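Chemist: Can you keep this structure in mind? I'll have questions shortly.
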Amino acid sequence: MNNAWFEVNVSVVGSLAGLALNTVIAAYLQSLRPRHRDATLFTQLLWLASVQYGSAAAHDFTATYWPREISGWVHALVLSCQSLYHLWFAYEIGGRCSGRERIPALTAFAAVYLTCFALFTAGIALDDLTFIPNLLLYPWIIRIYAKRSASAENKSTRLLFSGLYTWSFLLWLIWLTGNLIISGPAIGLPVRVEWHYYLLHPVQFGATVWSALVFLRYTPQATSFQAKLAGLILAALLMFIGLVPVWLAWLMSAVPGGEVVTRRMLWGFVAFIPVTTILCLRLLPAFLQRAFLAPLNRVTEGVRAVDTGELPPPLPVDIHDEIGALTRGFNHMTTSLRTHREHLEALVAERTQELEESLDTLRSTQAELIRKEKLAGLGEVAAGVAHEIQNPLNFVVNFAGLSQELSETLRTYLPPALHYLSDELSDNLKHVVDNGQRASNIVRNMLIHSHQQPEEERYCELNELADHYLTLAYEGYRTQHPEFHCRLEKVPAPDALPVAAARQDLGRVLLNLLSNAFQAVPEKGGLVRIQTEKTASGVRLIVSDNGPGVPTVLQDKIFQPFFTTRPAGTGTGLGLSICHDIVSRYGGSIRLHRGSLTEMIIELPGLS
C-alpha cells in the first residue's frame, strides 16, 4: 500500500475541521455578556487549541510550501504553550486552588519543555521529545481534577471536575496511542502508521465536544439551548467531513493514479469545511428557531405570565411531538388554573356578601340595642323626674282651683266697681288650673310610657339563646373596640332547657351581663364563660369572667338604679337594675357570686 498520502495531506482535513470547531465554540463564548471568569479561562484554552490545530494543518501540508522543520518547531511550540495553559486552567477553573503547588508545578513542566527545545538545537528530533512532557503532564492534570472533584462542596462542581477528568484522560490517551502507533514499527510493535489517523481525529473531536458539553452544563455561565443544539449538529458535520477523507483516501490508494484524485478530493474537503461552517451558522439557528425554539418560547412566555398572576389564552399547538405535548399540558394547566380562580373568586364574592350581610345585621342589631338601652335609661330617668314633679304639680293645680272658687266668693263682697279685678283674677287662676292639668297629663303619660310592660310570654330554649347572644355580644363589643380579644367558653347543659320567657327580654339581660364582663376582663388572657344547667326547680344561667370583680362593700348596691362603678359619663347605672327587673318579672332571681371567677347567677322557673 502506498502510504505517502498519510504523511502529506490526509490529516490536514481533520486538523482544519478541528480548527473550525474550536474557533466557533471560542467565538461564541467570547461573545457572551456577561461572561463568567470560568468562561474566559475556557475560551482562552479553546483559542490556543484553534492555534494548535492551525499549526498542525500547516505542518501536515506538503513540505514544498515551507520547510517541515520550521512548521514542526512552530507546532511543537504552540502545543507546549497549550499544554502549560491547560495545567494553569486546571488550577484556576472553579476558583483558584493549591496556591503553593501551582507555581512550582508550572515552573517544573515549563523547564521540561524548555529542555526539549534546547535538545532540538542540539540536533535531536523534536517530535519525539515533545511527546514525553505531554505524556507526563496530563496524568498530573488528571490528578488535579480528581483531587478537586473529591473535595467539591456541591454536586455540580463535583460533576464539572469529573467531566474535565474524563476530558484530560482522552487527551492523554491521544498522546499515548499516537506515540505507540508512530514509534511502534521502529521498536518492533505490530502496528501500522495509518492507524494513527483512524484514531487521532475521532478522539480529538470527541474530547473537544465532551469538554464543551461539560463546561456549558456544570458552570454558572448562562448560554442558550439554540447555541448548544446548533453546536452539536455542527460538531457532527465537521467530524464527518474530517474523518471521511481518511477512508476515501485509503480506498483510492489502491487505484492507479489515485494519488492525484486523492489530492483533489482533499482540497475539495478543505474548501467544504468553511462552507459547511458558514452555512450551519447562518441556516441552523433560523431553522431551530422556527421548528423548535418558537414553540418553546411561547410556552416560556406563558410561564412568565402565569408567574406574574396572569393566565394567557391557550397557546397554538403547531407540532405533534414532545414540544406539542408540553404546549398541550401548559394549556390544560392554565385552563384548570383559570377554572379554579373563577371558582375561588365566586366563592370569595359569596363569602364577602355573607359577611357584609352579617355585618349589616350586626350593626342594625347593635343600633337597636343601643336605642333600647338609651330608651330604657331615659325611661328610668323620666320615671324618677315625673314622680318628683307630680306631687308639687298636684299641689299647684289643687290650690289654684281652690283660689278660683275663693275669688268667685270674694266677688260677692266687692263693690261693682271692683268686679273686673275679681273676674281677671278668676280668669288667671283658670289658666293656671288648665295648664296645670295639661302638665299633669304629660307627667302621667311619661309614667305610663316608662313603666315596663311585660311582653307576651312565649317559649325559648336557654342553650340556644346563650350561644346566640354570646356571639352577638362579642362581635358587637369588638365592633366598638376592634383591639379587644378574649377567650370565650360555652358550657351548655346536655339537655334542652325550655324557659317560659320572652326571648327578647332574656336576650337583653344577657347582653347587659356580657357587656359588663367584656369591660371587666384584663387586656391579655381575658376569659368570659357562659354556662347553663338544669336545677331541681327550673334552670340556671351563669355568666362568668376573670376580671377584678366588685368590692364586697358595694355588692349590695349593684342592682340599685343609677348605681355604677364606672367613671362619670360612661354608664347610666341602669343595666343591672333592668336585668333585675326583667328576671324578677318572670319569677326568677339574679345574684352575684365571687369565687375564682366573678359569676352572675340567674335562676328561672322551667317549663313543666
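Backbone N, Cα and C define each Cβ position, glycine as well.
Quick paste of what TrEMBL says about this protein:
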type	residues	note
TRANSMEM	12-29	transmembrane segment
TRANSMEM	103-124	transmembrane segment
TRANSMEM	130-146	transmembrane segment
TRANSMEM	158-175	transmembrane segment
TRANSMEM	195-217	transmembrane segment
TRANSMEM	229-253	transmembrane segment
TRANSMEM	265-288	transmembrane segment
DOMAIN	290-342	domain 'HAMP'
DOMAIN	384-608	domain 'Histidine kinase'
Chemist: Do the transmembrane segment (195-217) and the transmembrane segment (12-29) share at least 3 Cβ pairs closer than 8 Å, excluding pairs fewer than 6 residues apart in sequence?
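Modeler: Since 3 or more Cβ pairs under 8 Å link them, the transmembrane segment (195-217) and the transmembrane segment (12-29) do come into contact.
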Chemist: Restricting attention to the domain 'Histidine kinase' (384-608), give the mean pLDDT.
Modeler: 79
Chemist: Go through the chain and flag residues at least 6 beyond the ends of the transmembrane segment (265-288) whose CB is under 8 A from any CB in it; none is fine as an answer.
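Modeler: Tertiary neighbours of the transmembrane segment (265-288) are 9-10, 12-13, 16-17, 20, 24, 226, 229-230, 233-234, 237-238, 241-242, 244-245, 248-249, 252.
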Chemist: If I count Cβ-Cβ pairs under 8 A between the transmembrane segment (12-29) and each of 103-124, 130-146, 158-175, 229-253, which range comes out on top?
Modeler: 229-253
Chemist: Please spell out the DSSP helix, strand and coil residue counts for the domain 'HAMP' (290-342).
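Modeler: Grouping H, G, I as helix and E, B as strand yields 39 helix, 0 strand, 14 coil.
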